[in-house]
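Visitor: One structure, as structure tokens, below. Some questions next.
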Amino acid sequence: MHRLLDWDFHVLALPPASAVLVTRDLLTQFALKANMDIPGEILMAFSVAIYKNYRPNPYHNFYHALNVTQVLCLLLALPDVAAQFSPIDYLVLSVAALGHDLGHPGANNLFMTRFDCWPSRIYQNVSVLENYHAASLFQILRHPAFNVFCSVSPTNFAPIRKRIISAILWTDMAKHFDVVAKLQAKIQGEMVLAEGIIVTLTKPYLEGLLLHAADISNPMMDFELCRDWAFRACDEFYQQNKMEEMGGFPPSMPSFEHFDEYNVAKCQVGFIDAICKPLFNSLALMFPAQLGDRATQLQKNRAKWEKIIARDPRASLGSSPTPGVSSVAALTR
């Protein structure tokens, strides 16, 4: 458990069997603290089912889900945040994090709607994948052998289900800019103290905000970790571009013409500037002692990506002033 509570814990270094056991152990800890009577075989079976229902995508795979769960636990431990959550809340939100990308096809919502994939028809082109992930998670939980909420009555399970769905829907990147704007509005005018800005946030808001933040937290990590995740994400972008071209559609990310370090670096600088910095700088204002170093690490990573861009001959050919902007735009559709 203590290994997970480290921003630079490399989940990708774990063999699959170890990753599943780490998941089981994490859930077991929360279940014990919540005094929930969940048989060990159910916790293990659920962890295995989650692992098996993630596809072997470069990025959106079981390891991403475990990484997001890890970071969510770190964020839930923040001062003033931890006081609002009970041990059962940790279990509920960990289940949401583990299932937030369940069954991900390795392509985004724009791809799903362009190709009229069946989830886009079911969910009317609204948060298509997020609704699909939530539904897939509850398909697992409804099976008695996998139901980690087996000791919860149907009456008490209803609000838990609602919370899990709500939190997963917050991970839709189409909502990102609205999320950041609302957070920044809450921060403005609040009392500034030495320990940070005191912002009153409701529990449902915090649950969604922190899961969303954990979902896009890779650029906050040590550069080697950040780089590993970035290449995995961009591998999926590149594959999606190719599938769209074969299907007669223009590529979602036209600036990502080649899968190489230069294009990955451009994509990451754009992602950091447009997506990560506004959110994590706001969170760092609220929790400077705990997240200030993460904001600094984000800036260091950006500088390293810029150096990679600068040393490539293509950088002198007049590229976009905002590297990777088209890739960033595609993420929010």
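Even glycines carry a Cβ here, placed using N, Cα and C.
A TrEMBL annotation is a machine prediction, not a hand-curated record.
Sharing the features that TrEMBL gives for it:
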{"type": "ACT_SITE", "residues": "HIS60", "note": "active site, proton donor"}
{"type": "BINDING", "residues": "HIS60, ASN61, PHE62, TYR63, HIS64, ASP101, ASP215, GLN268", "note": "AMP binding site"}
{"type": "BINDING", "residues": "HIS64, HIS100, ASP101, ASP215", "note": "Zn(2+) 1 binding site"}
{"type": "BINDING", "residues": "ASP101", "note": "Zn(2+) 2 binding site"}
{"type": "DOMAIN", "residues": "1-312", "note": "domain 'PDEase'"}
{"type": "REGION", "residues": "314-333", "note": "region 'Disordered'"}
{"type": "SIGNAL", "residues": "1-19", "note": "signal peptide"}
Visitor: How many Å lie between the Cα of HIS60 (active site, proton donor) and the Cα of ASP215 (AMP binding site)?
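Guide: Cα of HIS60 (active site, proton donor) to Cα of ASP215 (AMP binding site) measures 11 Å after rounding.
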Visitor: If you count the C-beta atoms lying within 10 Å of each candidate's C-beta, which of the binding-site residues ASN61, GLN268 ends up with the smallest number?
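Guide: Sparsest of the binding-site residues ASN61, GLN268 by Cβ contacts within 10 Å: ASN61.
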Visitor: Can you count the other CB atoms that lie within 10 A of the CB of HIS100 (Zn(2+) 1 binding site)?
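Guide: That number is 29.
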Visitor: Could you please provide the mean pLDDT value for the domain 'PDEase' (1-312)?
Guide: 94
Visitor: Compute the C-alpha separation of HIS100 (Zn(2+) 1 binding site) from GLN268 (AMP binding site), stating it in Å without decimals.
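Guide: Their Cα atoms are separated by 22 Å.
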Visitor: Rank the binding-site residues PHE62, TYR63 by the number of other Cβ atoms within 10 Å of each Cβ, and give the residue at the low end.
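Guide: It is TYR63 that, of the binding-site residues PHE62, TYR63, has the fewest other Cβ atoms within 10 Å.
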Visitor: Counting only residues 6+ apart in the same chain, whose Cβ is under 8 Å from the Cβ of ASP215 (AMP binding site)?
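Guide: When sequence neighbours closer than 6 are ignored, ASP215 (AMP binding site) has VAL68, HIS100, THR171 within Cβ distance under 8 Å.
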Visitor: By a simple count, how many Cβ atoms lie within 10 Å of the Cβ of ASP101 (AMP binding site), its own Cβ left out?
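Guide: The Cβ of ASP101 (AMP binding site) has 26 Cβ neighbours within 10 Å.
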Visitor: Tally every other Cβ atom lying within 10 Å of the Cβ atom of HIS64 (AMP binding site).
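Guide: So the number of other Cβ atoms within 10 Å of HIS64 (AMP binding site) is 23.
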Visitor: Give the maximum pairwise CA distance in Å, whole number, for the residues HIS60, ASN61, PHE62, TYR63, HIS64, ASP101, ASP215, GLN268 listed as binding AMP.
Guide: 22
